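**Student:** Pasting the feature list from TrEMBL:
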| type | residues | note |
| --- | --- | --- |
| BINDING | H71, H73, H228, D310 | Zn(2+) binding site |
| BINDING | H71, H73, H228, D310 | Fe(3+) binding site |
| BINDING | R80, Y138, H165, Q231, S315 | 4-imidazolone-5-propanoate binding site |
| BINDING | Y138, N312, G314 | N-formimidoyl-L-glutamate binding site |
| DOMAIN | 249-372 | domain 'Amidohydrolase-related' |
Amino acid sequence: MSSLLVDRIGELVTNVADSGTGGPLGIRRNVALLVEAGRVVWIGPARDAPAADHRIDAEGAAVLPGFVDSHAHLVFAGDRAVEFAARMAGRPYTGGGIRTTVGATRAAGDDELRATVRRLRAEALRQGTTTIEIKSGYGLTVADEVRSLRIAGEVTGDTTFLGAHVVPTEYADRPDDYVGLVCGPMLRAAAPYARWIDVFCERGAFDADHARAILTCGQAAGLGVRLHANQLGPGPGVRLGVELGAASVDHCTHLTDADVDALASTAGPDRTGTTTVATLLPGAEFSTRSPYPDARRLLDAGITVALATDCNPGSSYTSSMPFCVALAVREMGMTPAEAVWAATAGGARALRRTDVGVLRPGARADLMILDAPSHLHLAYRPGVPLVRQVLHDGVPR
Ligand code: NIG
Ligand code: FE
């Protein structure tokens, strides 16, 4: 079995909170890390590093767990740059453009969709993303949702069935029938290709009753629950997510005190696996010119926060987790350390994964070497391509 030593790491972010005095990021200094069979097998002082078949010299740079992007919509065709330009000229975002992308996606061939997914997955990997969740939701027929999930499943195990993204045009005057389709034939066909189920619970998309019905059917089919909630205005999504034991409620831009209290009631280190994470998607506020969510309020209430890109052609066409980290620090009241944790370990919690988002023996050897001495530089040097090298499953990419 061949081994790989990442040597001369100046700052290692482990996210293992009990590793000495490294704070919540579990920072260790002047260490080396040994990889075998795609896993971390040893971390220790560089001077004690064992011999290895291959060696990467980190030259004193910072090494972090790969980013865990727990919210992305990569299966689509076309783009909506014109819609973006209209927003930057003052038009509001309503989510109505989703139907434009549904039309383009239905018209596209499998190879075109596959090429887009692979291009965006590669783009994300270059920026340090080693784990990514990918949703369907631009097909909205049984066949188009299933093929979206099949194509997503070619690049990730974290696939999410989002048949309830919006009510498609052909069901506009009979939304109950569409909910019946999603809960019945569509879910039956999609469930074998999905780990998660998601609903866009928002005015103009699905209300609480429809969302509850769809998510409950998804749970019965063995899928984990996540939600698009409280993005465009206050609403029932966050509390519904808590009620159903969702792994994550995403966006969380417009929260009442009751929403915050509900999320806080799920928090606590002794309840890992039952916590509902608040996943914040600052690329969406950036690209829709909307007020950012208040991460500070959530963190101060003890709520687990994740950061993700929401990469999609409408509300957030970025695959860059470093960009989201920088936005979260500058605009959402997070410290650089909190934002880095949220983009790595937080994303892992949002996907209920314990094998990623941390660097310790037994974890996946998913990591990035920065062109910088510290994780602080991700927010301190926004817009700069600081990811020098990525290891995914222990393999340099
Ligand atoms: O998370 N809000 C719903 N879905 C996406 C937007 C999709 C689109 O505009 O195409 C989101 O922001
Ligand atoms: Fe989204």
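Each residue, glycine too, has its Cβ placed from N, Cα and C.
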**Student:** Starting from the Zn(2+) site formed by H71, H73, H228, D310, give every other residue of that chain whose CB sits within 8 Å of the mean position of their CB atoms, in sequence order.
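**Tutor:** Those within range, site residues removed, are A72, K135, D198, D250, H251, L281, A284, A308, C311, N312, S316.
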**Student:** Given the binding-site residues H71, H228, N312, G314, which lie close to H165 (4-imidazolone-5-propanoate binding site), meaning Cα to Cα within 10 A?
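**Tutor:** Near H165 (4-imidazolone-5-propanoate binding site) by Cα: H228.
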**Student:** Between R80 (4-imidazolone-5-propanoate binding site) and G314 (N-formimidoyl-L-glutamate binding site), how many Å separate their Cα atoms?
**Tutor:** 6
**Student:** Could you give the Cα-Cα distance between H228 (Zn(2+) binding site) and S315 (4-imidazolone-5-propanoate binding site), in whole Å?
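**Tutor:** So the Cα of S315 (4-imidazolone-5-propanoate binding site) lies 13 Å away from that of H228 (Zn(2+) binding site).
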**Student:** Using a 6 Å cut-off on Cβ distance, which of the binding-site residues R80, H165, G314, S315 come close to any atom of ligand 2?
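**Tutor:** None, as no Cβ falls under 6 Å.
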**Student:** What is the interatomic distance between the Cα atoms of N312 (N-formimidoyl-L-glutamate binding site) and H71 (Zn(2+) binding site), given in whole Å?
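**Tutor:** N312 (N-formimidoyl-L-glutamate binding site) to H71 (Zn(2+) binding site), Cα-Cα distance: 10 Å.
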**Student:** Specify the secondary structure state of H71 (Zn(2+) binding site) as given by DSSP, simplified to three classes.
**Tutor:** coil
**Student:** Taking only the binding-site residues H71, R80, Y138, H228, D310, N312, which have a CB closer than 6 angstroms to any atom that belongs to ligand 1?
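**Tutor:** H228, D310, N312, by Cβ distance under 6 Å.
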